Amino acid sequence: MELFNEPIITIRGLKKSFGTKKVLKEINLDVYKGQIIGYIGPNGAGKSTTVKIMLGLIEDYEGEIKILGQDISNGDVEYKSKIGYVPETAEIYDNLTGREYLTFIGELYGLDYDEVDEKAQKLMDLFGLKNVYDSRISSYSKGMRQKVLIISSLLNNPDILFLDEPLSGMDANSVMVFKEVLAELASQGKTIFYSSHIMEVVEKISNRIILINDGQIVADGSFDELKGKSIEGSLEEIFNELTGFKEHKDIAEEIVSIVQGV
Amino acid sequence: MKDFKILKFLDKLKGLFENLGVDYFVMRRILQVKLTLDERRVPTVTMNSSSKKKKGNRFVGSLLVYILLGCILIPFVISQNNYLFQMSFLFGILIFMMFTTLVSDFSSVLLDLRDKDIILSKPVDDKTLNVAKIIHILIYMFYVTFSFTGPALIVSLFKNGFLFFILFLIEIILMDFFIVVLTALLYLLILKFFDGEKLKDIINYVQIILTVTLSIGYQLIGRLFDFSDIMNINFVPKWWQYLIPSMWFAGPFELIIKNNRNFHIVLFSILAFIIPILSIIIYIKLTPYFESNLQKLNNSSGNMKVRGKGLNYYLSKVICRTKDERTFFRFATNMMKKERKFKLQVYPSLGLALAFPFIFLLSDLKAQGWDAIAISKRYFNIYFIALIVPTVIMTMGHSDKYKGAWIYKAVSFKGTKDIFRGTIKAFIANFLLPMYIFQSIIFMLIFKGSILLDLIIVFLNILLFIVICFRVSKTALPFSEPFDTVNQGKGLAIIPLFLILLILAGIHYGATLLTYGRYINIAILVILNIIIWSKGFNISMEKLSQ
């Protein structure tokens with residue numbers, strides 16, 4: 001199949017430490033066009049760090065990363081114009097209005113003001129935010145901000161999307177629309193890197209799941225492949241098994257007993 | 001988003017930026033967004049003024065304050081005796097002002113982590129963003145510096161001639177570069193050893209120092225005008241003077257205007273030009289390193305000490321009567337000591353309240369001497385400590401994180417009595433009492449111990465005054481409203497409050513004229529305090545939510 005010939009992202013021997021703490025121990029990864037990758041792992045496993053390194057937000061790593069054929073450490077930032085990013089911490093200049101923020105982001109991508117404005121307006125409309133386009137983002141609810149972030153990541157028609165917990169705060173209807181959008185984008189050959197803690201969503205939308213624990217990849221494959229290797233049924237249970245977490249029942253019992261003790 | 005004039009000015013320098021390898025269009029766009037964001041932000045200097053100005057005019061307002069303050073620089077350029085002294089004084093003041101302004105108002109620009117996530121994840125290179133940041137800060141620094149030095153600059157043009165004016169202008173620009181770069185390097189150093197929380201604390205204290213300096217500065221402007229005596233001292237160069245930046249900047253005036261070719265003058269002049277340029281080069285080399293340490297701003301983990309219940313806990317056991325009251329005593333203590341915005345609002349007035357009784361006493365001392373003071377009734381100056389009471393009572397209801405106040409609604413309280421009483425006791429125990437004891441000790445020394453009864457009366461009066469202030473001002477549950485509404489119409493409410501204090505002090509004064517008057521005064525105040533402290537805090541929840 002033509003789609004799967006050339007990897008769009010290659011990571012070889014990626015290591016990263018903050019001070020003495022090793023966050024990424026050894027990551028090797030090939031990502032192909034059209035894949036929706038569910039990138040999962042416990043808190044502090046190194047998910048966001050991997051994504052930030054790929055975006056050039058964290059430097060001084062060991063190993064080699066190629067995105068769209070370009071080694072990202074060569075100082076040329078051009079590859080970022082093909083990437084869309086929804087960060088985990090919903091950082092945003094919230095004293096700007098929706099219009100001001102989105103046109104600004106579009107222009108950073110090198111797009112023309114009128115072009116972005118039109119595109120952003122249409123997308124805001126489709127996400128049900130038409131009447132707040134000229135209100136300050138600080139007045140938006142959490143879900144509305146999240147939608148603005150998602151729109152901002154799509155303005156440049158990216159080939160690769162990095163989504164870090166993109167659905168937080170969004171209502172069920174918008175989630176449904178967005179999941180459909182992701183599937184559609186992937187079928188057009190876009191690559192989506194999706195990190196989340198909500199296993200049901202990851203299980204449903206991803207066609208490849210990568211589980212990272214303690215700075216290493218501990219599982220890689222489609223959901224069915226993971227299920228084949230494991231005795232457990234749902235992704236949540238596989239997650240628990242692979243990250244070596246078995247005591248959830250005991251901990252839960254203890255919590256309840258402390259709660260009732262007061 | 002509007003197009004700023006300053007950006008049109010920058011357009012003329014487009015070629016220069018492009019030669020540096022900066023993407024000019026992107027940089028301009030970033031600056032436009034940043035300037036728009038700033039317009040929607042409040043600077044420190046005018047934060048305490050009660051006049052609500054339209055958005056965008058706030059910055060202009062604070063520039064007027066700087067122009068006014070800048071008048072203190074005029075005497076330094078008028079006298080032409082010794083440029084080295086005059087100008088190093090001037091640059092000393094200037095550097096202090098610009099440094100504190102930079103730290104208090106523009107730290108957020110230097111330390112903004114959002115920039116990284118939002119802008120660098122797009123096809124924008126580090127250099128463009130960093131240059132945009134520096135230009136952004138410099139734009140403001142130039143506005144502020146030229147407002148502050150404006151009066152002196154204009155005077156110098158007429159008084160000292162064109163050459164002096166141009167030299168002054170160039171040096172101010174160099175100094176701005178120097179200050180911005182120095183501050184950035186300072187942050188780099190702090191972040192190397194400490195985490196972000198520590199840095200934020202340091203910035204907070206600089207903001208407080210700035211506000212106190214400005215307030216006391218107003219009082220001192222008048223007294224600064226007879227500086228001319230000091231100017232005539234003969235100058236003998238010492239090695240450590242080469243380390244003082246203001247001396248460097250003073251050098252060229254002696255060298256060029258007065259043609260003074262002394263070795264130290266030449267050396268100062270060279271330093272004045274070399275160091276700023278050198279610091280810019282060092283900064284550019286070190287920026288990548290700075291950026292990686294900047295990441296630590298988000299880490300507050302550090303080394304958290306495991307603490308026990310602390311003094312706070314035992315204090316609350318002694319001071320408070322009910323359980324709810326104790327809870328709010330501890331809560332309020334933590335909030336008052338830790339919330340930076342609250343500290344910024346209240347701590348400057350704490351400093352003033354600590355200083356005022358002594359400032360007024362000092363001017364009396366000058367006029368009358370120690371012995372005359374000791375038998376006089378000048379200890380009434382200690383009443384000035386009560387200046388903080390209205391400020392604190394009015395700020396108490398506010399918080400930067402006011403949204404956390406949903407907790408009041410989620411938990412059912414029988415009444416608000418314990419909430420308010422606990423909070424106010426926390427203020428007394430943590431701030432008022434330590435300050436009052438400190439002042440009392442010094443007053444006892446000055447007045448030779450004969451004023452113990454009076455000090456007790458003053459304290460009882462202040463306790464009474466606290467409850468009166470509380471009842472008179474519009475009350476909100478502690479830490480439950482945003483800071484924006486703090487000053488609405490409340491500034492005027494302070495004046496009648498001080499009349500009440502004046503009456504209380506007047507009764508006290510009357511009592512000192514009678515035999516046993518002080519004892520009667522104390523007895524009455526104790527009874528009044530018992531009544532008012534047990535009845536004065538009953539405010540129904542319904543009345544509050546209006």
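A Cβ is built for glycine as well, from the same backbone N, Cα and C atoms used for every other residue.
What TrEMBL says about this one:
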TRANSMEM  B:59-78  transmembrane segment
TRANSMEM  B:90-113  transmembrane segment
TRANSMEM  B:134-158  transmembrane segment
TRANSMEM  B:164-190  transmembrane segment
TRANSMEM  B:202-221  transmembrane segment
TRANSMEM  B:263-284  transmembrane segment
TRANSMEM  B:344-362  transmembrane segment
TRANSMEM  B:382-399  transmembrane segment
TRANSMEM  B:427-446  transmembrane segment
TRANSMEM  B:452-470  transmembrane segment
TRANSMEM  B:491-510  transmembrane segment
TRANSMEM  B:516-534  transmembrane segment
Stretch-level contact, the transmembrane segment (B:90-113) and the transmembrane segment (B:164-190), CB cutoff 8 A, at least 3 pairs: yes
Distal contacts, the transmembrane segment (B:134-158) - CB-CB under 8 A, six or more residues away: 6, 10, 27, 30-31, 34-35, 38, 59, 63-64, 66-67, 69-71, 73-74, 76-78, 90, 94, 97-98, 101-102, 105-106, 109-110, 164-165, 168-169, 172-173, 175-177, 179-180
Which sequence positions outside the transmembrane segment (B:516-534), separated from its termini by at least 6 residues, show Cβ-Cβ distances below 8 Å to it? 421, 453-454, 456-457, 460-461, 463-464, 467, 507-508, 510
Per the Cβ filter (under 8 Å) with a sequence gap of at least 6 from its ends, the transmembrane segment (B:427-446) is approached by 315, 319, 329, 332-333, 336-337, 350, 353-354, 357-358, 361, 370, 373-374, 379, 382, 385, 388-389, 392, 396, 452, 455, 459, 462-463, 466
In the same chain, which residue numbers or ranges, 6 or more beyond the ends of the transmembrane segment (B:263-284), come under 8 angstroms Cβ to Cβ? 84, 171, 174-175, 177-178, 181-182, 184-185, 237, 241-242, 245, 247-252, 254-256
